[in-house]
Structures are given as structure tokens and as C-alpha cells.
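What Swiss-Prot says about this one:
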- 1-28: signal peptide (SIGNAL)
- 53-166: domain 'Plastocyanin-like 1' (DOMAIN)
- 221-290: domain 'Plastocyanin-like 2' (DOMAIN)
- HIS458, CYS515, HIS520: Cu cation 4 binding site (BINDING)
Amino acid sequence: MHRRDFLKLTAALGAATSLPLWSRAALAADFSPLPIPPLLQPDANGKINLNIQTGSVVWLPSTATQTWGYNGNLLGPAIRLQRGKAVTIDITNALPEATTVHWHGLEIPGEVDGGPQALIQPGAKRQVTFAVEQPAATCWFHPHTHSKTGHQVAMGLGGLVLIDDSDSETLPLPKQWGVDDIPVILQDKLLDKHGQVDYQLDVMTAAVGWFGDRMLTNGVPYPQQITPRGWVRLRLLNGCNARSLNLALSDGRPMYVIASDGGLLAEPVVVRELPILMGERFEVLVDTRDGQSLDLVTLPVTQMGMTLAPFDQPLPVLRIQPSLAIGSQVLPESLVVIPELADVTGVQERWFQLMMDPKLDMLGMQALVARYGMKAMAGMNMNHGDMGAMDHGNRPDMSQGKMKGMDHGTMNGAPAFNFSHANRINGKAFSMTEPAFDAKQGKYEKWTISGEGDMMLHPFHVHGTQFRILTENGKPPAEHRRGWKDIVRVEGARSEILVRFNYLAPASTPYMAHCHLLEHEDTGMMLGFTVSA
């Protein structure tokens, strides 16, 4: 964050905290409380019921927005699982369309992973049973319906999975759910003039992703969480379809990162800014012992489409209000043992070239600028990709961000461009029936994922594993990204990861590897692969 932005935020915050107590109470009353997802744990028989259903939420005055949720109107419960124990989940689909439930971050066999082949038809049920054999972590579950994932997530489907183990239970970490152990699911939303979720998969969103003009935290705009005075644990999930975030605290105090996607780090890592990609999770500790209220804010990012108001300046997403109660006073010096990286000499290597059809690149950028103006380009010029030397600076019809008479799907009367397979890996769009390769169970592989020649942001996710990042976008990984991960950043350069698959995945239910910008995934930037013994 630029110093001037911090000063602005700090001044605003200071004005609020200098108010007399009675008006501070009135100010607090203006905040909605942060909704805390209910904990859902296996019953005495090791079972959990999950109902995928329609619902409604009031985000705008006098308007009910139609939404989808798991066991409720929106989002879902936090499913709490224990390492070493099996669970059986009975899933019922009460939606009007088919869906799947993918267990993002869980190391489980392909047949229960919930990829696009594992469709649950409307009115149908599916039962999955698996044992949890991985370290404590914050994971999540969400749809993975081919070509429909972006829409189904935008409608509200998503929930947390909390894995506990002996390390997480014995370490002196905040553990009171909804008190000092706080889930923070961040998602942007776009509503139409009728107050309904305005989701379109078109040439623009296929190129840059679907993005909103408001931010929700656990489904509520800018809520407040009252916490004890002490160390507070935030379990952060970027649940956005396409928007990367960069989180900070409004008064500039540090956050201590204690866990990434796949579990606890070796020791807390101090950061003042925390970039978090779509689908990623981080756990951070925040020191509230001084009793001062503060905001979790998302800072501006340089990503196409994501620079528009209100995201063009620091945007508060959660007010943290310490009470008089005394909370955890301990910051652990060390957490868990992270194994040394395995020797990659002689291991199987694979190459993944992420690419967008140049025509989609061109049409998508044109549609973005036509709809939102040059500000949406995040500082990139218009010859990004294949747009040649178009000089938009002096075009009279571009001055107001309009391109007169342009149909976003057609150019010069040509047939509409079919973008449904325009995003690819190694030149191929996703196939539901042809896995791209077979990996061997328990064997390390080194994967290189390249975004060279494509300046788009691609958070690359691999099913069925927690991997280690060797290099990220051409550089050594940041310290807090050196633990267990299931998403790596690819943006115009190469990333290298060390993967290993402990379970089998047959051709009927292969694992997926894909871009977690959901509209890229839905338009082909995904492949299936098998794991055999």
C-alpha cells in the first residue's frame, strides 16, 4: 500500500476511534456482524449430510437475490474433519441443474474428488467416503461442473473444510470457532438492475473473467467481528471467480502467516501485504492486544478488469473490533516440520503451456474497453496479445470507453466467435473423455507451467495433491509460499512445482489440473490426468 493511502485510512480510523464511547457504539451498530459458518462434523456413524439447494439473500433494499448454497441460502457450513478418520458424505442435489462437489485441497482418490465427471443430476444423490490422511489445513469445497463452474460459484456455492491433527490441536493457536478463530471468505459479486446475480459467460469474461462491483465477506458487505484482545486467527479464502486480492491491515500493522493451502508453515512469516489468488487459502494471526479497532482491507491489484471502483483504492472488507475480554497472548515461534524438498534429479518432468486463442484475447480486450473504458486495462496497452498497433488514444469513439455499434461476439459481420474452447493447455482445450497423461502413484514429478506469451494471470491448481513450489513465475517462492500448496501463480513466465500423487485416479474419474480463474477453466484451460499404480 502506498504511504498516502495508509495515511488516509489511518486518519479515517483515528477519527472513528477518537469518538466518545456512545457514538462509537452507534458506529458499531452500523456494521452487520460477520456471519460465521456453522461447524458440521461427522455424526457417531462418521456421516455428514450435504444438501445443495436454492435460497435467497437480501443484499439490496427491498430486493431478495436468488442464491444457491449448501445446507442454507448461501455458501455452506465449515466441515470439520480429523486426520486419520474416514467420513461418509451424503450429497443431495436440489438445484434445477446438475452439479458436482469438488474437495479442493484434499488428497483423496479420483473417484471421490468430485471433478467434472462426477455429475449429480437434479434431484439425485451421491455418496462419497474417504479417509483424511494429510496434515491440518484449511481447504474448501465447491462445484466443478464443466463450463458451468463459474456460474455455480457466482450463485453462492462454496464452503470450508477444516482438517485437524495432533499438531494443530497442541500448538498454542487460537481455536475458538467464531471467537478468535475466524473464517473469512472473500467474494466479489455483480448484481443486475433487478438485484439478481448478473452472470454472463461471454467473450469478455472468457478472456478476463467474471468480476463484480461489490465485495462480500462471508456473504455480507463489510461486516464486523468482535474479538478478544489478543492473537486472532483469520482463515482467509479468496473465493472470487476471477479477482486476485492483496490483503493488508488498515493501520499498517503486520500479519503473521501461519498456514498456506495445504497446512501449517514451519514458523510464522511476517507480512504487511498478502496477495491471495483465486482459490488460495492462508491462515494469519493478527495482534489485537492494544484493543484498537482496525480493518482488513484489499489493496488495488494490477489485473485486467480488476482496477475499477471500488477496487481502485484500499477497500475495507472486515472490521475487527476487540472487546474487553482477554484472548490468546502467545505467538508460537515454530509450528510444524516441513520436509526438505526431494531431489528432482531424474524425476518425470512435464510441461504445461497455458494459452489463450489470440482472437479471444483481441475480442475480449476490445469488449472490456468498450464496456468499462481504458482504466479496466490495468495499465496495459491495447496491443496486448494480438491487437497490433491499434491506437486507441486518439479514437474519438473510444474516448468515453465506447466502441460504437460493436457487437462483442462479432466483428465486421463475421459469425460470432465460439470462445467455448478458446483457452487451452498445450494447444488443446479440455476433453471430458481423454485424459492427457498418466502419473505413477507415489512418484515425484516436476511440472513446469508456462504462461509465456500470455500476460494473463493464471492461478494453476492441481487436484489430488499438495505440492511444493520450486520457482514461481520465474522467481524463488516467497517465504510464506514455501509450504504445502495446491495453487501456483503463473503470469507471463514459468512456474515449477514438485508434485506427488498418493492415490489412484482412473480414466472414468481423472484428476484435473487447470487455471482457477473459473471462466478460463470453463472455456478449456483444464486437462484431466490419471494416476495408476
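Cβ atoms here come from the backbone N, Cα and C positions, even for glycine.
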Any further residue of that chain within 8 Å (Cβ to the Cβ centroid of HIS458, CYS515, HIS520) of the recorded Cu cation 4 site: LEU354, ASN423, MET456, LEU457, PRO459, PHE460, VAL490, HIS514, HIS516, LEU517, GLU521, MET525
In three-state terms from DSSP, label HIS520 (Cu cation 4 binding site) for me. helix
For the binding-site residues listed here, HIS458, HIS520, which shows the highest count of neighbouring CB atoms within 10 A? HIS458
How many other Cβ atoms sit within 10 Å of the Cβ of CYS515 (Cu cation 4 binding site)? 31
Under DSSP, the domain 'Plastocyanin-like 1' (53-166) has how many residues in helix, strand and coil? 11 helix, 54 strand, 49 coil
How does the domain 'Plastocyanin-like 2' (221-290) divide up by DSSP, counting helix, then strand, then coil residues? 0 helix, 44 strand, 26 coil
